[in-house]
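According to TrEMBL, the coiled coil annotation covers 229-263. For 360-390, 402-423, 455-474, 486-510, 516-544, 578-597, 609-632, the entry in TrEMBL reads transmembrane segment.
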């Protein structure tokens, strides 16, 4: 339960070593660089916007090239590739990449140009296919669509937007005789015609045709339609061949995939480096860097830098006004839950790290909600195998997630055994259906069956919730002790401890309450009387002191009375833990229903097959739904009920200058 102590760091070095020093710091990833120093007449910041824009363009270009390559030559990844993490490369390999930088960048441009060629040819194919569709009604017409007539005649080739017969056309144009009309093709939506008339009648006939909604073809040529169709088909074949050729060229670049991935990370690291350069104060020969570093890393980093460069490194403790970043450090049991704490908010200045105490309850709460030995075993096996096989290469965040669920799985197994749930009552169903067992349960619970004793489970859930809430108050007390605010300890935590504990004892001394809960509690009369007195005294303290910042006595009393009303909030919080009963019962009941449905398949040849199918499908669905529910509600109880008693957060996460890469990470020592 700790936050790493931070120190301010100032580095003064020669400008000629800037590149090597920044790359060293980037690989180490232990300094958060910021702008604690201001410019003056000697030290100024550099404008690196052009360089950053160049890197951004290259990153976008390589990303596009990789996406295209993935589209036409998908990368074959193993099923659990997401667990493998980034590949390790040495500093020597990183430095040697400069020699092929231009070549790989050209390959990225080449892939994009091939894809552009594919897009252009696909557009051409679409255009040509549209033209073919337009020509199909004219297939049997042996005159070019661009024909307009001879020396003494005029020709009209075009369409009407509806179906026309020859008689109807002649009837409409009878006054303009003589002329000749042929219907080339006809359908409900279109009639294609060819009309030939004397030149002197052309203008009048064309006007009449327009009144009949006549229009010329969308495509014209000096070739006959059949020839045009043949030519267009050939162009389509050529375009498709060009598409295939371009795709083949892209697929041939598959061997360069790793180089492209490395180039992407290479440019990203250079972009990050130049963004930092933009924050540095520099003179003509010297640059200055400032930031924060974990105290435990300071001495080692100073040694590494001073051994390699002419450099001066200074460390200083942050002042009270400094916005110091937060970096959590916990043992292997609690560290997996640092992400859960950060998901709420990191500790603010003066607050304690709640991760360790939260972890104790987190794993238990998750286990109670899922509470099945079989489900827990599946989680443990899956997470354990993942950690064993990929633990060394896995990304820290993924490793922590698997460790978190590993501990959650162990807790689930424990509570499953306590409540006698092994894939629900699957063992009993198998024993009775296929082996004729008459005595169940085969494996008795170590404690009790929640389905058979729901009130006992509810009582346990609320009792556990009360312990959780009181632990939150204890954490607040510890925090106030560290802040040496002893008045607040008495007024804001001890008084509430006394009120809650004494009120609980008074409630347990009431037959109505114990009857509802189905428990038997014997509280000595002396303890009951003392609890009543303590409850009254603690209530008076809360009323008189919770508005102590106000000078107005009446306002102070009202604030205190309102604070005392907060006891109902504790009651509401305790009732929130009834979700332990609800989720535990939901998981167990669904398991039992699935098992009974499967058991109804009976024996015989088909029965066991149906049994297995129902069991697999039912339990997979139940497992997926309830593991999600357990995760969500466990987080909810931590964030709302537990943190609500002592923790506000608001700290800023430590954001070191490091390798924010996607595919590779550089190792100082391989």
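Using the three backbone atoms N, Cα and C, a Cβ is placed for every residue, glycine included.
Whatever TrEMBL says is automated annotation, not expert-curated.
In summary, the transmembrane segment (516-544) lies against the transmembrane segment (486-510): three or more C-beta pairs, each 6 or more positions apart in sequence, are under 8 Å. Counting residues 6+ beyond its ends, the transmembrane segment (609-632) has Cβ neighbours under 8 Å at 366, 369-370, 374-375, 378-379, 408, 423, 426, 433, 583, 586-587, 590-591, 593-595, 597-599, 601 in the same chain.
Panel annotation: around the transmembrane segment (486-510), residues 466, 469-470, 473-474, 476-477, 480, 521, 523, 527-528, 530-532, 534-535, 537-539, 541-542, 545-546, 548, 567, 570 of the same chain, lying at least six beyond its termini, place a Cβ under 8 Å from a Cβ of the stretch. Residues belonging to the coiled coil (229-263) score a mean pLDDT of 94 in the model. Within the chain, the transmembrane segment (578-597) has long-range Cβ neighbours (under 8 A, six or more residues past its boundaries) at 365, 368-372, 375, 419, 421, 423-426, 429, 450-451, 454, 457-458, 460-462, 464-465, 614-615, 618-619, 622, 626, 629-630, 633, 637. In this chain, the transmembrane segment (402-423) lies close to the transmembrane segment (360-390): three or more C-beta pairs between them fall below 8 angstroms, excluding pairs fewer than 6 positions apart.
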